[in-house]
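Copied from Swiss-Prot, the annotated features are:
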type     : residues                       : note
ACT_SITE : His487                         : active site, proton donor
BINDING  : His491, His527, Asp528, Asp639 : divalent metal cation 1 binding site
BINDING  : Asp528                         : divalent metal cation 2 binding site
COMPBIAS : 13-34                          : compositional bias 'Low complexity'
COMPBIAS : 54-69                          : compositional bias 'Low complexity'
COMPBIAS : 80-121                         : compositional bias 'Low complexity'
COMPBIAS : 770-793                        : compositional bias 'Low complexity'
DOMAIN   : 410-733                        : domain 'PDEase'
MOD_RES  : Asp212                         : 4-aspartylphosphate
REGION   : 1-153                          : region 'Disordered'
REGION   : 756-793                        : region 'Disordered'
Amino acid sequence: MNNKQEEIDQFLSSTSTSPSPSSSSSPSNNDSTSLKSMISGIENLNVHSKGNDNKNNNNNNNNNNSNNNEKQKDIVSLENNSSSNNTTTTTTTTTTSNHNSNNNSNNNNNNINNNNINNNNYEPLVNGHNNGFGDKLNDQPSPSSHRVSDFSDEYSPSKVRILVADDDDVQRKILNNLLKKFHYNVTLVPNGEIAWEYINKGQQKYDLVLTDVMMPHITGFDLLQRINDHPVHRHIPVILMSGTAVDYKYANDTIKIGGQDFLTKPIAKELLKKKIDTVLQSIWQRRKEEEYKATLAQEREKGNKLAKEMELKEHEIEELTKKVSKMSSISKEAMESPLVSVTRNIEELLKQSSWSHYESEIKEKLSSILKELGSSNIYRPSFEKLIKNDSVDPVTKSFLVSEFSSTTSRRNSIPTFPQTTYNRDTKEVIKGWEFDVFKYSEDDLMPLLVDMFENFQLPEIFKIPIEKLQRFIMTVNALYRKNNRYHNFTHAFDVTQTVYTFLTSFNAAQYLTHLDIFALLISCMCHDLNHPGFNNTFQVNAQTELSLEYNDISVLENHHAMLTFKILRNSECNILEGLNEDQYKELRRSVVQLILATDMQNHFEHTNKFQHHLNNLPFDRNKKEDRQMILNFLIKCGDISNIARPWHLNFEWSLRVSDEFFQQSHYETICGYPVTPFMDKTKTTRARIAADFIDFVASPLFQSMAKFLKESQFLLKVISKNRENWQAYMELQKEGKCNDDDLQFMEDPTILVKSKLPKIDEEENRDKVSSSSSSSTAPLTSTSSSNNETSSS
């Protein structure tokens, strides 16, 4: 073994330079166009200049290429006594040496590898966010997918990219020359840490990792574990190498933790190729089989789908034939010409034998004839008769109206407002604290918003056309993202209904004007408009288009406010067109402040300011600043009101918001951003999140609410009971009787906690809630003021 090593050292020292690679396989930043890449490119100018110096020596290095290859063959023969291919082949490799003298090779290797790493402008993917209005925010960030080789071709070493990690310079060079002879594409790195950087952040994707076991910082086993634990890279096969005395133990450990194979140094050339080809050919073949099976399944699915479509088309043709036949008979009956009608009436008159007996009937028929002949649209009655026929389906009626009716307008193509009709009891229910928003669909909820506006006479006072109010509500609904678990239209309605309860059942309207209430209802509906499901912290860390647009300040709240007035600027949704200039300015100022007040980063500032005013000064309804403070307080209470709802509603909302939190922390981890601690599923639970939110955020706010609005004092007991329930869940989790993920499958969330808590006095709570819900404010009365506002008290 010593003789072998001496011969290797002698060969290496006799060669002062080695062939320069024809092309680098290390990641490059040439294609990057981001601001981050440009800055990194400027910082690494020196690195590029060093790379150019290496290129100047390329010609001299190539002159020695054949000699080096011949000498390398001799080295290989020392290990396995086998002959090698005499053909010199240039392959794409990434070297980790500057090819200087043998004495400085180790330091230069490390420097060049570090330069290669620094020269890569890695950019964790944050998909979407390419629009100032956040139109692409629903494209949630995901890690780059592993390169899938072209498995339609046969396996070939020239298609294989191998990453070699070894801290021994000599071993790296030997492996490099061995693998080059078999036409593999090779990237060399001096340690596991750099290898992981290349795998995880480099632009190059690898088909195999060949790593030494004993390396500083990150061992071969550590690198293997990281690859196996990663959702994207876990499919990369790993072969470990070692030359120590406990190889058999390393071999067993390699298989146990998911490695593909183990090699003992020194490695024979043919054995190395056989091991690599065995691993990769099996993967190649397996993926070809999977691809073939997937193709067969797709073809089978297409065949079944086509058969079903043919069957459906035959049924549609049969139904269409029946419909055409039916329509033919209907049209003959309905679409008769006016002259036919007149002729028939006259013929009936002529058949009368004695006109004197039918004088009244004759006058009636003649009057009908004159009316038909004098009509400006004498065909219209027949057309309307056809439209009203019950045998004509809605689609056909819509087609006839849109194509043949002179009253058709562009609005006929726009979706119509849901026409759900509610009785008086339902309209009273939305004033109650126990209103369950989850029992209604979005189409059911939208008409209730119109009722809220009408209850305060806002359409009459501010001249709001009902059609435009409906169009505004539908547009707001459309801009909320349906795939969000928490920040969706249901949440927006829930906040609006809560604030509506404050105004009516809790008598908060007495402190406000009609214009204040108008602004408050708009703000509640729009306060989370187009929310992407990721909070401001994520926007700033990811440097999304929205964070750049609003300079990292209340990013989402500014976005919600901007979209609100963008909708209101549309002529079909402009419910502010009846306001004068002063009213519009005041409403806009108020709406912007209200939506910005929902930014939780400013929560304690708003809360403390309100508490200080409440403790020291009475609120003056004539002061605009006092009314705005009340408005901000009401929308903030509404925004987090789910903690004061009955237990089953608080439970459902808490699950939904924690789902969004956990989703954000998951993507923060993948993208390498700082993980928000209270959202990290590995460090907290749903019950812990809910309990902490009650303790530190919601409870102080609703204590002020109870002092400000006496009718709301019973909410403190509801909050206390909810807090006890969450505490019970935390204790059950500590005892191992309840798993955090099990909470989302519970039909009755009170079952588990009953064993830990005294029975809830449901009757007492129900009486208190119903007594508060039954009280509502009297209709608002109009009073004139300097700016044409009306009082809401």
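In case you wondered, yes, glycine gets a Cβ from its N, Cα and C as well.
Distribution of Swiss-Prot features across the structure.
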| residue | record | Cβ contacts under 8 Å, 6 or more apart |
| --- | --- | --- |
| Asp212 | 4-aspartylphosphate | Ala165, Asp166, Asp167, Asp168, Gln171, Gly220, Leu240, Met241, Ser242 |
| His487 | active site, proton donor | Tyr480, Arg481, Asp528, His531, Gly533, Glu660 |
| His491 | divalent metal cation 1 binding site | Asp528 |
| His527 | divalent metal cation 1 binding site | Ala492, Val495, Glu557, His560, Leu594, Ile595, Thr598, Ile635, Asp639 |
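Per-residue confidence over the domain 'PDEase' (410-733) averages 93 (mean pLDDT, predicted model). Minimal Cβ crowding within 10 Å, among the binding-site residues Asp528, Asp639, is found at Asp639. Using the Cβ center of His491, His527, Asp528, Asp639 for divalent metal cation 1, the list of other same-chain residues with Cβ within 8 Å runs, in sequence order, His487, Ala492, Val495, Cys524, His531, Thr598.
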